[in-house]
Amino acid sequence: MAMIKSLAVHLLLYMVAMTVMVAADLLRFKHPVKANGSLSFLAIGDWGRRGLYNQSKVAYQMGKVGEKMDVDFIVSTGDNFYDSGLIDEHDPAFFDSFTNVYTAPSLQKQWYSVLGNHDYRGNALAQLSPELRQRDNRWLCMRSFIVNAGKVDFFFVDTTPFHGKYFSETDQEYDWRGVLPREDYVSELLKDVDVALKESSAKWKVVVGHHTIYSAGVHGNTEELVDKLLPILLENDVNLYINGHDHCLEHISSSNSQLQFLTSGGGSKAWRGDINPWNLDEMKFYYDGQGFMAAEITENDLVVSFYDVFGNMLHNWSNSGNSRRSAW
Ligand SMILES: [Zn+2]
């Protein structure tokens with residue numbers, strides 16, 4: 001109930017904020033954690049294909065792992081609805097690709113979602129609309145926002161406007177309402193994220209965006225994020241950057257910081273063999289197939305796992321250094 005009340009209050013604030021300025025401070029949500037202070041969640045990206053391309057099989061395994069871990073919420077890293085987002089708030093794709101696919105009891109939790117580039121190809125505002133929350137109250141999608149969950153602060157960042165290519169493409173149309181002028185939007189967002197990270201006193205800091213910062217997948221690195229967002233994450237001691245966009249499961253670590261780069265973009269369609277060479281000291285895990293990520297965070301420990309479409313745990317990493325199993 002507290003969550004619903006909090007959502008209602010924030011929804012009101014959000015609507016006010018929308019009418020004032022897109023560059024207002026990032027909205028904050030509080031999510032309760034378990035009695036022992038621990039938190040667990042799943043992360044899934046690049047999924048909405050009406051159950052096809054193994055989306056339903058991945059969803060089934062998410063349900064099983066979600067139950068075992070008693071997950072508190074689910075993170076969607078974007079590209080929620082293919083090929084071109086939603087048409088409007090009444091688009092049946094919302095039911096066909098979300099409500100009717102993630103049906104397991106353990107997945108009847110809050111979903112925190114960002115927009116991907118494919119979502120911007122449709123009616124981006126439709127996914128942000130409170131009307132969708134009336135259709136399925138699990139749904140919460142915003143451009144950029146913060147979730148405080150016990151010892152963990154999550155910072156969700158709208159990465160599509162960073163990508164210069166989308167603004168010069170002539171064969172695709174994007175819904176840039178609320179984003180233009182792009183330079184102002186991006187610089188205000190970077191400022192907001194930097195301020196919010198500096199204000200955070202959470203032990204663990206997790207940043208979520210759709211696009212890769214580093215990836216050996218077909219899309220590779222996103223140079224605009226390497227140039228503009230990465231320095232802010234490093235300066236503020238962020239622990240995890242979780243993204244989708246590349247349709248794979250991937251874990252890259254860096255030798256000079258604690259930041260881990262985690263790609264969870266295997267929610268439906270994937271392409272076998274889509275991998276580029278990478279420094280093997282940094283590449284902890286790469287899987288060119290479907291699946292999802294799970295994480296458990298306690299006071300002193302942060303554990304990340306990746307599962308495939310059959311429910312096999314392919315990779316398990318802990319900040320305390322116990323890498324128990326890896327397909328890489
Ligand atoms: Zn994408």
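The backbone N, Cα and C atoms fix where each Cβ goes, glycine too.
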Key: Further Fe cation 2 ligand in TrEMBL, beside ASP79, ASN117, HIS245, within candidate set HIS31, HIS210, HIS315   = HIS210
Key: According to TrEMBL, which candidate in ASP46, ASP281, ASP288 joins ASP79, TYR82, HIS247 at the Fe cation 1 site   = ASP46
Key: Alpha-carbon distance [ASP79 (Fe cation 1 binding site); HIS210 (Fe cation 2 binding site)] in Å   = 8
Query = the domain 'Calcineurin-like phosphoesterase' (40-248): mean pLDDT?
reply = 97
Ask   = Which of the binding-site residues ASP79, TYR82, ASN117, HIS245, HIS247 have a Cβ less than 6 Å from any atom of ligand 1?
value = ASP79, ASN117, HIS245
Message = Beyond the listed site residues ASP46, ASP79, TYR82, HIS247, identify every same-chain residue whose Cβ lies within 8 Å of the center of their Cβ atoms for the Fe cation 1 site.
response = GLY45, TRP47, GLY48, ARG49, GLY116, HIS118, GLY244, HIS245, GLY265, GLY267, SER268, LYS269
Remark   = Per DSSP (helix/strand/coil reduction), HIS210 (Fe cation 2 binding site) sits in coil
Query = For TYR82 (Fe cation 1 binding site) and ASN117 (Fe cation 2 binding site), what Cα-Cα distance in Å is obtained after rounding to a whole number?
reply = 10
Key: Among HIS245, HIS247, which are binding-site residues, the residue with the most C-beta atoms within 10 angstroms of its C-beta   = HIS245
